[in-house]
Amino acid sequence: MEPKQQITLRKPDDWHIHLRDGTALPRTVGDAADQFQRAIVMPNLVPPVVNAADALAYKSRIQAAIPEGNAFTPLMVIYLTDNTTAEVVQQAHAAGVVAAKLYPAGATTNSDSGVTDVANIYPALEAMQSCGMKLLLHGEVTTSDIDIFDRERVFIENILGPVVDDFPNLKIVLEHITTAHAAEFVAQARAGVAATITAHHLLYNRNHMLVGGIRPHYYCLPILKRGYHQNALIEAATSGNPKFFLGTDSAPHTQGKKETSCGCAGCYTAFSAIELYAEAFERAGKLDKLEGFASDFGPDFYGLPRNTDTITLVREPWTLPAGLQMGDDALIPLAAGETLNWRRV
Ligand SMILES: NC(=O)N[C@@H](CC(=O)O)C(=O)O
Ligand SMILES: [Zn+2]
Ligand SMILES: [Zn+2]
């Protein structure tokens, strides 16, 4: 059979993105708004977005950066700390905040204010369960005795499992999953437990990052795992199971902060997100499953309407730029200078 030359999809949404703030916004919001109708905006600013007032103020800064005539909608999230009370949750919910994010303290970029013991946020989780606010998790433990490649699995066993059981009506998204364990856990879990998967975890494994030289632009958290885990993620994303949907985790760090002796974690994928996913789905022979993953299952999980606009991708190889500009800084997108098969029209 001839390979497909063109695909039309319901317009996708991004259920996990980092837009940063200030002079980064024209770049990050411009790229996100070009790709997506809506995006779940991560709250790990410095200082973090911890309550309704912070979320509303951040939302208006984002809105001010949306290009004229574009209907992009940011969906706001608060950052859970040891001090997040039920009242903070209720006020955020009333202000339209859709989710709260659990960063175990020290797990990833800008997580210093994160939760030190999940027991500290049980009242907040109770309030979230009552009002229908979603719980999003960066699923890695941070204890130094746990190997970085095992941190997601141990988090699932020690922290996520109990939370899923203790709050049977809480809707939970395990973000940016990277292992077969995570895919398996989510597939087997009760209704209301889902996961996002990034394009980079579908396209790459740790060999891409470490063989033949260390490639800092592939470094993100949770870190790329073995090919075996990559294959399990591809299987989950392309399965048509609505528990798995698109979340880019596009996370810009300037070139200087990536290409250095202690580089930051995060891959910038918003510039070519749907094209990267199309590449991964095509390699798996599952392009027909892209629309459900990218455009249907996310809004269904969040209880939001599916988009009505469409986008079209054509098979027309194009080369990503070697670099982008973010404010006054250089930003290297993931797959910079590489050729992708699918182009948006
Ligand atoms: N994924 C990353 O490697 N980095 C993210 C934080 C995160 O999502 O963990 C960032 O904010 O840079
Ligand atoms: Zn994370
Ligand atoms: Zn992230």
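Using N, Cα and C of the backbone, Cβ positions are placed for all residues, glycine too.
What TrEMBL records for the substrate site is HIS18, LEU19, ARG20, ASN44, HIS138, LEU221, ALA265, and among HIS208, HIS253 the residue it adds there is HIS253. From the candidate list HIS176, HIS181, the residue TrEMBL records in the Zn(2+) 2 site shared with LYS101, HIS138 is HIS176.
Matching ASP165, ASP166, ASP249 to the Zn(2+) 1 binding residues that TrEMBL gives (HIS16, HIS18, LYS101) identifies ASP249.
Checking the binding-site residues (HIS16, HIS18, LYS101) against LEU221 (substrate binding site) with a 10 Å Cα-Cα cut-off leaves nothing. The Cβ of HIS16 (Zn(2+) 1 binding site) lies under 8 Å from the Cβ of ILE40, MET42, LEU136, VAL173, GLU175, HIS176, THR196, THR198, GLY247, THR248, ASP249, each on the same chain and at least six residues away in sequence. Selection of the recorded positions ARG20, HIS138, ASP249, ALA265 by a Cβ distance under 6 Å from ligand 3 yields, in sequence order, ASP249.
Distance noted between the C-alpha atoms of HIS18 (Zn(2+) 1 binding site) and ASN44 (substrate binding site) is 8 Å.
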